[in-house]
Amino acid sequence: MGSNNNVFFGDEESQLSGGTNRVQPYSSTPKKNTIDDDGKKQNFLSLSQRLGIPDFFSLDVWRASMGELLGSAVLVFMVDTIVISTSESDTEMPNLIMSILIAIVLTILLLAVVPVSGGHLNPVISFSAALVGIISMSRAIIYIVAQCLGAVLGALALKAVVSSTIEDTFSLGGCTITVIAPGPNGPVTLGLETAQALWLEIFCTFVLLFASIWMAYDHRQAKALGLVTVLSIVGLVLGLLVFISTTVTAKRGYTGVGMNPARCLGPAIVRGGHLWDGHWIFWIGPTISCVAFYVYTKIIPPKHFHAEYGYKHDFVGVVKALFGSNV
């Protein structure tokens with residue numbers, strides 16, 4: 001049942017082997033041909049196989065998506081609670097405390113969800129993994145839908161336990177670019193310019209993929225470092241990026257980089273209002289970063305990345321199948 005392409009941010013089958021709960025690292029044995037899920041060599045895959053259309057009809061995939069749904073719900077509830085509580089605290093550097101707590105929470109949640117679904121909890125991870133070819137685009141779509149639904153549930157849970165005053169003041173800890181505040185001559189808009197926010201989202205999301213998620217994609221590093229270390233680094237890097245984005249800008253109205261479109265979507269749907277202002281930035285920015293990261297994986301020497309052995313869902317392979325190329 002397990003795939004030969006074992007990777008931390010792959011599907012749930014690539015995490016487990018022989019029905020055990022032991023996480024398996026990448027196999028370091030070179031494979032010269034594209035390998036299917038049964039370990040059979042394939043020289044050509046149809047477009048349906050490249051896209052993973054059968055995943056839409058797989059009960060196991062939908063069951064795995066429940067891990068993404070519940071994990072995303074807990075993530076949104078915990079992270080937004082941290083955002084609100086640290087902002088309310090009297091500490092001199094609330095953004096530092098917030099970043100540390102977010103890093104810890106994310107690491108714990110990733111460790112909990114990895115054996116179930118591969119531990120994405122973020123459309124950025126799912127989309128990037130689909131482009132690289134670690135999972136199919138069909139599975140990525142299922143995961144992203146589950147993550148968004150989970151984010152809405154998490155925001156609803158937070159709304160149910162906080163007072164209306166806190167909800168109004170902190171907008172359920174949602175992602176904002178600007179806010180409208182009272183000024184001496186009437187309401188004024190506080191926050192970042194759209195271009196600044198977009199560039200921050202692109203840069204920080206790319207750094208997240210390059211500096212941490214890459215370790216999970218790279219079979220050599222994943223095997224050498226181990227699951228706990230890799231996921232701890234992912235949490236640490238994300239926490240650092242949150243701290244940097246909130247410290248460098250230091251502007252009221254801007255909540256920092258999202259790097260997780262689902263987390264931004266949940267409060268926006270539940271709370272609405274100004275959370276929709278500039279919301280597209282939290283989707284377009286990470287999308288650009290994922291594409292840039294995929295291009296990077298195709299530029300570097302193949303021997304430095306498992307892609308030379310043929311991920312069957314690789315985006316280039318999908319395009320070739322679309323146009324009927326056997327190459």
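Every residue gets a Cβ built from N, Cα and C, even glycine.
Per TrEMBL, the feature compositional bias 'Polar residues' maps to 15-32.
Summarising the annotation, TrEMBL assigns region 'Disordered' to 1-37.
Outside the transmembrane segment (64-84), and at least 6 residues removed from its termini, the chain residues within Cβ reach (under 8 Å) are 11-12, 98, 101-102, 105-106, 109, 112-113, 116-121, 142-143, 145-151, 153-155, 157-158, 162, 166, 170, 172-174, 255, 260, 262-263, 266-267. Per TrEMBL, transmembrane segment is recorded for 64-84 (among others).
The transmembrane segment annotation in TrEMBL covers 96-114 (among others).
If you look up TrEMBL, you'll see 144-162 (among others) marked as transmembrane segment. For the transmembrane segment (144-162), the list of distant contacts is 65-66, 68-77, 80-81, 84, 120-123, 126-127, 172-174, 262-263, 265-267, 269-271: same-chain residues at least six beyond its ends, Cβ to Cβ under 8 Å.
The transmembrane segment feature in TrEMBL is assigned to 197-217 (among others).
Annotated transmembrane segment per TrEMBL: 224-244 (among others), in sequence order.
Summarising the annotation, TrEMBL assigns transmembrane segment to 280-297 (among others). Distant neighbours of the transmembrane segment (280-297): 123-124, 127-128, 131-132, 175, 177, 194, 197-203, 205-206, 208-210, 217, 258-261, 264-265, 305, 307, 315; these residues of the same chain sit at least 6 beyond its ends, with a Cβ under 8 Å from one of its Cβ atoms.
Outside the transmembrane segment (197-217) by six or more residues, the chain places 7-9, 124-125, 128-129, 132, 134, 177, 191, 225, 230-231, 233-234, 236-238, 241, 244-245, 249, 254, 257-259, 278, 281-282, 284-286, 288-290, 292-293, 296-297, 305-306 with a CB less than 8 A from a CB of the stretch.
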